[in-house]
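**Q** First the structure, which I've put down as structure tokens, then a few questions once you've had a look.
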């Protein structure tokens, strides 16, 4: 079996396995259950990807995925579990220095097992679909062949490893069973959600990309639900072993970002029911005059949005966190606590964004410059915007990232629903910056660039002894990916594969530019007071693996590469 799997390795799969091996090599013995789970997950995901990418394409009749992209199941299944293991390794170092408590380590362990359960359960689901599509004469309920047996073995081992990991510390008896049930609920929810995502936005994502998004959303929503329950005394008393982990202290900025983002994510569902209710009343009270229907529908949209953001979301924030004032007022107090620094930074951002967007928008309409190169200029713009803020105003940048993500979500909702008067204008403007990975249904490029830069910074909040880790997205996307594309497009001759466009010259330029940026950045960080030790070999390995992944992957590199690079930098 091992020989057969090795024969199926392509460039992307080999780089992903190198990523996993690097993490496992750095994992201490205290995280042995997590390491075993990650190894098992990688093997399982590799087998499923090989089956799905077969010439027969057994999932083609069930899912409409992004054309021209491989399934990406292996990369999508191991990215977030790898990130969680890296964060656990970093937290253990912090615990040895008494920088964090045991509760935070156990919280990360619970998050790891939730992420792993999601990936395992979705992989089992894909196995079942492959089998049912491959042999239509059998019903799903009668599947009992090798794929189903292997899936059952993997899921059973996952549960056993999770129980071993969680029972080693402060849990015993019923709370461990409760946590196991809570973790498995993440998996079953993810199966429903990934089907909804791919069917709602057909041909917009590969399976691996949809799995990454599904995992992130389910864990984020699950964290919000448990965090809310942890603040309710009756729930806390009845399930202390689970919910005490979610009662660990959160920052005001993290709570505000989580509330606004989740509020906007559930807003389309809320608006859908509101508009149905409004239409039923309108049909009873009107005589059929639909001349101003779109305008009235838009007024309902803006009224519902105001209710969600001004009433529902702040109420949740005040429930889970002891804000002394209204959260919106807290934001104003925070921004104006250092008015000169904050307002100067905001003015700098506005100037850079205004002139950059105006210039590149005109170029996109009037120039024959390739769209992929034009988009790389935005990566460079991200470097000029985020690096100064991350060095001198990191907490303000956290809040700014949340605000930018909220604006992007709101504009995409308005574009999809064609809300008057902005829907058509936003759609026309955004189409100027799309590429083959975007569609009219969903434009993801700006989300992936923003989140690619923001997630390493958000994940690094609190203790970090690896000062380059927060810069993972900025370095890999703003510098490495940009230089690889520009050099490869202009000077590239030697291609990594006969069918691909990525060149060896471009990859070498990307890796070299990131290393050069690290040489420049580290003295600046040291001058601002960072105290750290750096192992150059580990840095070179991290930069090389992420650069090779950019060269080989057919997935949305803005989404995966920053997370892979971040997890390697944390080791």
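Note: Cβ is positioned from N, Cα and C throughout, glycine not excepted.
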**Q** State the residue range annotated as transmembrane segment by TrEMBL; the candidates are 360-376, 377-393, 530-546.
**A** 377-393
**Q** Looking at 215-235, 299-319, which one does TrEMBL call transmembrane segment?
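**A** Per TrEMBL, the stretch marked transmembrane segment is 299-319.
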**Q** Under TrEMBL, which of the candidate ranges 339-357, 548-566 is annotated transmembrane segment?
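**A** Of 339-357, 548-566, TrEMBL gives transmembrane segment for 339-357.
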**Q** Taking the transmembrane segment (377-393) as the first stretch and the transmembrane segment (110-129) as the second, find out whether 3 or more Cβ pairs fall under 8 Å, excluding pairs closer than 6 in sequence.
**A** no
**Q** Tell me if the transmembrane segment (399-420) touches the transmembrane segment (256-278). I count contact as 3 or more CB pairs below 8 A, with pairs 6 or more residues apart.
**A** yes
**Q** Which stretch from 299-319, 339-357, 399-420, 508-527 shares the most C-beta pairs under 8 Å with the transmembrane segment (467-487)?
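**A** Comparing 299-319, 339-357, 399-420, 508-527 against the transmembrane segment (467-487), the winner is 508-527.
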